[in-house]
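A short worksheet on the structure shown next.
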Amino acid sequence: MFFRVRFLLFFLLFRNLCCLLTSGCLLRVYGVGFSLGFFICMQIICGVCLAWLFFSCFICTNWYFVLFLWDFDLGFVIRSTHICFTSLLFFLLYVHIFKCIVLIILFDTHILVWAVGFIIYIFIVVIGFIGYVLPCTMMSYWGLTVFSNILATVPVIGTWLCYWIWGSEYINDFTLLKLHVLHVLLPFVLILVIFMHLFCLHYFMSSDGFCDRFAFYCERLCFCMWFYLRDMFLAFLILFYVVYFIFINWYFVFHEESWVIVDTLKTSDKILPEWFFLFLFGFLKAVPDKFTGLLLMVILLFSLFLFILNCILWFVYCRSSLLWFTYSLILFYSIFMSGFLALYVILAYPIWMELQFWVLLLFMLVVCRLD
């Protein structure tokens, strides 16, 4: 039985990684997904190296960690790489999502592929937030305090969930230890979900390019050599640019309050998370009530998910009128993406609360109308 299971796993890996036949006219933007997987693997390797040096001390975690890294060979380089790769991963992730939204205009994507990709996005957001909290600086401490207090507003289980995360009646060393364990374990679960995403993508052939969608013939190529070389070239080209931020301008991704020692008796002058959390943080800031902000954030995430599913199903049943469908969908996507970017910028900056609320309400109505 063990040999059969091992043979089956080896066959699936060999079929999906080496012997996959795909269209020869795949666009170069498909390499963004390969770059995402490449940098996620490098991020996990750097994280495992840093996990050995983590010191679970609520007050002095950041400074002890920095001192350990200075004594450790290439320790600070590994930490700078880990931090810079976080911003890079979220940038590539948003580019990948935008690419998928645009290409759905031309190609139908299987529902299961998009559903697993949505789960990957939720995993990356959770892992990124836990990693943001672990250094326990002034900004991360109050970010964890605000978010855990928001979870406490969930009916019935909110208070129990908040105390379970804290491990006490307040944030302490045990809280950091719990979050550290989750931050180490969740990336390996993420790898399994990514393999599931790849398997569904290759099984349903959702990204087959122009070959099966239009009338002309296109030769199929083996994915093993040509596309791997092309995707690796793109990944190393991105890595070449990131090296500048790792070795020269590594403080570019840091806030100034990322070096402030935590003080539980003094709140931060401003609570401004990393740029990839600004969109989600805007919902919590735009609504005065904590539970309403959390509810709106969850509703919007699932509204975006249902919006794409609606477009996929619409494509399946409207293939006969492809030209009319393409024009109308381009119009919808232009309205949607412009509203998304405007909401991202407006909610990120400290402007009037009333303006943030009305912009949020308008965007929610647009998304619900498109659904």
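Just so it is clear, glycine is given a Cβ too, placed from its N, Cα and C backbone atoms.
The Cβ of HIS183 (heme b b562 binding site) lies under 8 Å from the Cβ of GLY47, ILE127, ILE130, GLY131, LEU134, each of which sits 6+ residues away along the same chain. For HIS82, HIS183, the entry in Swiss-Prot reads heme b b562 binding site, with the evidence type similarity to another entry.
Here HIS96 (heme b b566 binding site) comes close to VAL32, GLY33, LEU36: these same-chain residues lie at least six apart in sequence, with C-beta atoms under 8 angstroms from its C-beta. Look at Swiss-Prot and you will find HIS96, HIS197 tagged as heme b b566 binding site.
Residues or ranges marked as ubiquinone binding site in Swiss-Prot: HIS202. HIS202 (ubiquinone binding site) carries a helical DSSP state (H, G or I).
Listed by sequence, the residues of this chain that lie at least six past the ends of the transmembrane segment (32-52) yet keep a Cβ under 8 A from its Cβ atoms are 78-79, 81-82, 85-86, 88-89, 92-93, 95-96, 99, 131, 180, 183-184, 187-188, 190-191, 194, 231-232, 234-235, 238-239. Per Swiss-Prot, the feature transmembrane segment maps to 32-52 (among others).
Swiss-Prot lists 76-98 (among others) with the feature transmembrane segment.
According to Swiss-Prot, the feature transmembrane segment maps to 113-133 (among others), an assignment based on similarity to another entry.
Annotation comment: Swiss-Prot describes 179-199 (among others) as transmembrane segment, evidence class similarity to another entry.
Swiss-Prot lists 227-247 (among others) with the feature transmembrane segment, giving similarity to another entry as the kind of evidence.
Per Swiss-Prot, the feature transmembrane segment maps to 296-316 (among others); the stated evidence is sequence analysis.
The feature transmembrane segment is assigned by Swiss-Prot to 329-349 (among others).
The transmembrane segment annotation in Swiss-Prot covers 350-370 (among others) and rests on sequence analysis.
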**Prompt:** Where among 76-98, 113-133, 227-247 do we find the most Cβ pairs under 8 Å to the transmembrane segment (179-199)?
**Reply:** 113-133
